[in-house]
Amino acid sequence: MLGPDGGVSYLDCQHVLTAFDETHTAEPRQAAGRLIDRFGRVHRSLRISVIDRCNIRCFYCMPEHVDSFLPQTDLLSFDEIVRVVRLLASAGVSKIRLTGGEPLLRPNLDALIARIAAVPGVDEIALTTNGILLPRFAESLKAAGLQRLNISLDTLDEATFQRISRRSGVDRVIAGIDHAIDLGFEQIRLNALAIRGLTETEIVPLVDFARRRNLTLRFIEYMPLDADRAWRDDNVLTGDAIRQRLETQYGPLQETGRDDPAQPAIDYRFADGSGRVGFINPVSKPFCNACDRLRLTADGGLRNCLFSDRNWDLRSLLRSGASDADLRNLISESVAAKEPGHLISRPGFQQPQRAMYQIGG
Ligand code: SAM
Ligand code: SF4
């Protein structure tokens, strides 16, 4: 269902929508045991933001000065999170990713991981982190059942790290990465957000860093989710531009194919067989047509898209004695309302009210 620009074809989606409408019943997607939206997308993954706080202040995500973070009482408790995970897992969600803000700032995260790992139907638990606190927590997280880590590393250069994060200490991130490697996680990937005019010089050093450690590095395009609302089209350093730069340096890259069709990245092997690089291109090549993700914000909102302002308030239901059936209905409503895709770079696009750290990346 890719359109001419590689994005979602609304025409195709409309066709699927009609087909689904014919079989619509009161709770069809839950009754079938799975969460399928109007466009036939089956939802198998959930990103849970466990906190909105962070120990750094990346300009593409947070403001430099935050007026207020969520008070502790507004955060979903572990009991509440696990209840939502159970309901979603019973409807086919099997992949869980913990994120934030910086998820390692949530106290006792290992206890939450152990509880999620015990939920029937959950077969993958991953975490996205800025890496700084890994030396302190990675061992207990792994022992609790954490299998996969995505560690964000946009630069190896301290001055550039400070420009991006408004804090110092890229060496702390590197120490976190090396610590995690020593612990032997099932999978560790590096995420590098690419920004035109700022991180071009980082492309080759980051790739060399990842190749030396035999890690997959993925470049991510900058999306309009920054709290400062400074994003512009021309800040986007596209995956294609980076790939061309890498082919000049390392020779032709060979696409690896996708194990999972819902995976947002396209990965490549290097000609010499050492290491992999991937591209997540939500702006230049949207992958909404294969999206299988739901998001739970730290304050208990269910979101069906990063770019939607609609929030299904699970927390209020959870705290008012709602039954599982009530919660399922709200989840179904959210899935049913999912739009075919985002409209970044198209006329009429509105940046969501919440910035990335308030949703969960
Ligand atoms: N603090 C953790 C971290 O940085 O890895 C987890 C939360 S962070 C919001 C998750 C991911 O979102 C990071 O890899 C970060 O680079 C990415 N991200 C944040 N703002 C973004 C933006 N405006 N566009 C694209 N990716 C963004
Ligand atoms: Fe913090 Fe991650 Fe946002 Fe950077 S991207 S400010 S590390 S939450």
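Note: Cβ is positioned from N, Cα and C throughout, glycine not excepted.
As given in TrEMBL:
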DOMAIN    38-259  domain 'Radical SAM core'
BINDING   Arg47, Arg97, Thr128, Arg293, Leu294, Arg295  GTP binding site
BINDING   Cys54, Cys58, Cys61  [4Fe-4S] cluster 1 binding site
BINDING   Tyr60, Gly101, Ser152, Met223  S-adenosyl-L-methionine binding site
BINDING   Cys288, Cys291, Cys305  [4Fe-4S] cluster 2 binding site
Message: Based on a Cβ-to-ligand 1 distance below 6 Å, what subset of the binding-site residues Arg97, Cys288, Leu294, Arg295, Cys305 would you report?
response: none
Query: What subset of the binding-site residues Tyr60, Cys61, Ser152, Cys305 lies within 10 angstroms of Arg293 (GTP binding site), using C-alpha positions?
result: Cys305
Message: Can you tell me which of these binding-site residues sit near ligand 2, meaning the Cβ is under 6 Å from at least one of its atoms: Cys54, Gly101, Cys288?
response: Cys54, Gly101
Field: Rounded Cα separation (Å) that holds between Gly101 (S-adenosyl-L-methionine binding site) and Cys58 ([4Fe-4S] cluster 1 binding site)
entry: 11
- line: For Met223 (S-adenosyl-L-methionine binding site) and Cys288 ([4Fe-4S] cluster 2 binding site), the CA-to-CA distance in whole Å is 14
- prompt: For the recorded GTP site formed by Arg47, Arg97, Thr128, Arg293, Leu294, Arg295, which further same-chain residues have Cβ atoms within 8 Å of the site's Cβ center?
  reply: Ser45, Leu46, Ile48, Thr99, Leu296, Gly360
Field: Nearest of the binding-site residues (Arg47, Cys54, Cys58, Tyr60) to Cys291 ([4Fe-4S] cluster 2 binding site) - Cα to Cα
entry: Arg47
Query: In which DSSP state, out of helix, strand and coil, do we find Cys61 ([4Fe-4S] cluster 1 binding site)?
result: coil
Message: Across the domain 'Radical SAM core' (38-259), what does the mean pLDDT come to, as a whole number?
response: 97
Query: Expressed to the nearest Å, what is the distance separating Cys305 ([4Fe-4S] cluster 2 binding site) and Tyr60 (S-adenosyl-L-methionine binding site) at their Cα atoms?
result: 18
Cys288 ([4Fe-4S] cluster 2 binding site) and Arg47 (GTP binding site), Cα-Cα, nearest whole angstrom: 16
Statement: binding-site residues Cys58, Tyr60, Ser152, Cys288 vs Arg97 (GTP binding site), shortest C-alpha separation belongs to Ser152
Message: Using the CB centroid of Cys54, Cys58, Cys61 as the [4Fe-4S] cluster 1 site centre, which other residues of the same chain sit with their CB within 8 A?
response: Ile56, Arg57, Phe59, Tyr60, Met62, Gly101, Glu102, Asn130, Ser165, Met356, Tyr357
